Amino acid sequence: MSLYWETADLLTAPTNAGGSLKSRIFGKKDLKSQPAQIYALAIETCKWSSVLKEVVENADILRVERKLTPILSILLTHDLLLAKKGVALPATHGLRVAIERHKNRLQAEFTRARIRRKLGSAEAFKAFIESGLEDRGDGSEMLHPRWIRINTLKTTLEDQLETTFSGYERSTNVDDVRHRGSKRLFIDFHIPNLIAISPNIDLSKSDAYKNGSIIFQDKASCFPAYLLDPLAEDGDIIDTCAAPGNKTTHIAAILLSHNSEPDKCSQVIHAFEKNKGRAVTLEKMVNLAGSDAWTKLHPGQDFLKTDPNSAVFKNVGALLLDPSCSGSGIIGRDDMPELHLPVIKQPSSNTSKPQKKGSKTLDPSNETRKRKREDHEDALDVMVDDDGEVTAVNSEDELKARIEALSKFQLELLLHAFKFPTAKKITYSTCSIHAGENEMVVQKALEHPVAKERGWRVLKRENQIRGMQEWPVRGSLEACRGDEILAEACIRANKEDEHCTMGFFLAGFTRDLAPKEDIDSEFLRDERGHLVRDIMGFPVRVDPGAGSANAVNEEDDIATISPIPADEGEEEWSGFGDDGVGQDNSAPLAQEFPKKDKRSGAGTRHDPSKKRPQFGITDKKRKKSKKV
């Protein structure tokens with residue numbers, strides 16, 4: 001079976017071979033074993049590797065079993081001692097026979113390892129490892145907390161504090177939750193409904209996570225939707241590169257929080273994802289989070305190929321752009337889990353031959369470390385973008401070329417968003433630390449004729465929503481070429497600083513559009529808000545000398561039309577007089593006139609809706625008279 005060999009190869013690959021362990025496994029197309037099975041074995045073995053190294057070395061099986069390599073020995077020992085079904089190999093397989101031959105010795109060393117840690121049971125040992133206490137070292141390492149967004153489409157912060165996080169100690173500083181072994185919670189004061197918990201706590205199996213009530217999302221990743229702040233008057237929203245769906249569902253949560261009657265909200269979130277595989281993930285996320293009622297998915301569709309003037313997007317007032325980037329700000333993107341490998345014990349000095357004076361004693365651990373350093377130096381540096389694409393980078397020139405290629409696409413996306421005729425808000429963000437993908441793209445966009453012709457400008461800091469105004473880390477003044485206003489308008493998050501976020505960049509754009517009321521105010525409206533039309537069916541313009549009123553009542557509406565005497569039915573109608581609304585020669589639309597009660601005095605007042613058919617009858621009578 002290839003499970004152990006494939007897992008061993010992936011775990012011992014150079015640390016800078018590109019991507020996290022998960023991306024390496026699930027991105028490899030020629031695996032014979034199930035990727036999920038490989039990943040589970042690799043992660044659990046790494047978690048226990050310091051203990052397994054100790055067990056294998058003390059059992060001294062590597063010196064006896066030549067078929068076993070250090071990495072194979074801890075993989076097999078893990079399954080032998082910790083997996084429910086044991087070693088996943090046939091009973092007669094050579095590797096299984098080799099490891100099970102030493103089962104009693106390995107179990108005894110495993111028990112000794114537990115006792116040395118002063119743990120009373122196997123369950124306590126597992127809890128100790130799961131909490132991360134085994135690898136805490138001297139405690140000086142500050143870990144990245146786990147950020148969690150409370151999904152207000154399904155729950156509230158108060159409900160989750162009373163249920164999912166009921167046993168947590170409340171902290172007032174995010175640093176307090178960064179240590180392993182603690183069970184603390186910090187409520188963020190920049191982004192509403194966002195909390196941070198200790199990194200060793202795994203909530204992926206909790207009910208709240210499974211039903212979409214809580215969403216794992218880095219704090220910086222919550223910035224774009226929060227800055228966009230979609231309101232009811234903003235109309236529909238577009239998320240241009242939506243997968244995996246965290247920002248899309250965050251938009252929906254904010255949108256509904258501004259609506260007192262969510263069930264009556266008619267706004268639509270258009271979620272685009274050109275990659276069909278990622279679009280499947282997006283759909284699952286949208287459904288799980290409960291935002292499907294307000295989200296229109298566009299799977300496999302490229303936002304750049306949309307027509308901004310299409311009727312589908314006539315009400316789009318806000319767009320969120322989070323395009324593909326270098327991913328240089330993502331925490332753990334290039335990290336591999338820590339792995340402790342056993343070494344073969346050297347014979348003790350009292351049983352070995354005396355060494356010659358001046359000879360060097362080989363230290364296997366030093367030799368291993370040296371070999372890893374040499375592998376690291378020989379391997380190529382790589383850059384992994386947020387789509388998982390791995391690009392080898394050998395020099396600064398290659399890095400510059402890659403950044404330039406990405407920035408061209410990012411600028412094209414931003415300029416395309418500028419073309420939506422009713423848009424008033426746009427946010428542009430990346431998870432990159434490079435100015436070439438951030439401030440420089442913003443500058444180029446603002447200097448482009450499309451932005452100038454359509455009135456787009458950067459959203460200044462003083463006009464941003466309060467949480468983003470108060471965020472202290474702003475854009476690079478150098479990258480903004482000394483423009484302090486632009487630098488202050490840009491928002492940055494530094495990778496692994498005191499704010500405990502990923503590396504991130506965000507800028508907002510805004511413009512003013514002439515309100516529709518300015519055009520509508522030129523025409524008269526009745527008490528129901530309907531346009532008043534003339535005999536031709538055209539809207540009646542407001543008389544400049546009649547004041548600013550743009551609504552008329554039923555009496556005025558009827559009085560403006562001159563009645564036609566009944567005894568003039570045989571004469572040809574020549575239109576209204578000078579005091580009428582107009583001199584047009586076609587009949588008005590019946591539905592625009594108020595209906596009259598049949599029981600009222602119809603003979604005392606002209607009813608246009610009843611007279612209109614008389615025009616045709618009069619014409620017929622006239623034709624008959626001519627024939628006679």
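Cβ from N, Cα, C; glycine included.
Bear in mind that TrEMBL entries carry predicted annotations, made automatically and left uncurated.
Just so it is clear, the model here is predicted, and its values are computed rather than measured.
Using a 10 Å radius centred on the Cβ of Cys431 (active site, nucleophile) and all shown protein chains, the other Cβ atoms total 26. According to TrEMBL, the active site, nucleophile annotation covers Cys431.
Annotated S-adenosyl-L-methionine binding site per TrEMBL: Cys241, Ala242, Ala243, Pro244, Gly245, Asn246, Lys247, Glu273, Asp302, Asp322, in sequence order. The Cβ of Asp302 (S-adenosyl-L-methionine binding site) lies under 8 Å from the Cβ of Phe272, Lys274, each of which sits 6+ residues away along the same chain.
Among the features that TrEMBL reports, domain 'SAM-dependent MTase RsmB/NOP-type' is placed at 136-512.
Annotation comment: TrEMBL describes 344-378 (among others) as region 'Disordered'.
Summarising the annotation, TrEMBL assigns region 'Disordered' to 563-628 (among others).
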Among Cys241, Ala242, Ala243, Pro244, Gly245, Asn246, Lys247, Glu273, Asp302, Asp322, the record's S-adenosyl-L-methionine binders - longest CA distance, Å: 19
Cys431 (active site, nucleophile) and Gly245 (S-adenosyl-L-methionine binding site), Cα-Cα, nearest whole angstrom: 15
Between Cys431 (active site, nucleophile) and Lys247 (S-adenosyl-L-methionine binding site): CA-CA distance (Å): 13
PLDDT averaged over every residue in the domain 'SAM-dependent MTase RsmB/NOP-type' (136-512): 86
Rounded Cα-Cα span from Cys431 (active site, nucleophile) to Ala243 (S-adenosyl-L-methionine binding site), Å: 14
Euclidean distance between Cα atoms of Cys241 (S-adenosyl-L-methionine binding site) and Cys431 (active site, nucleophile), Å: 13
Number of other Cβ atoms within 10 Å of the Cβ of Ala243 (S-adenosyl-L-methionine binding site) across all protein chains: 25
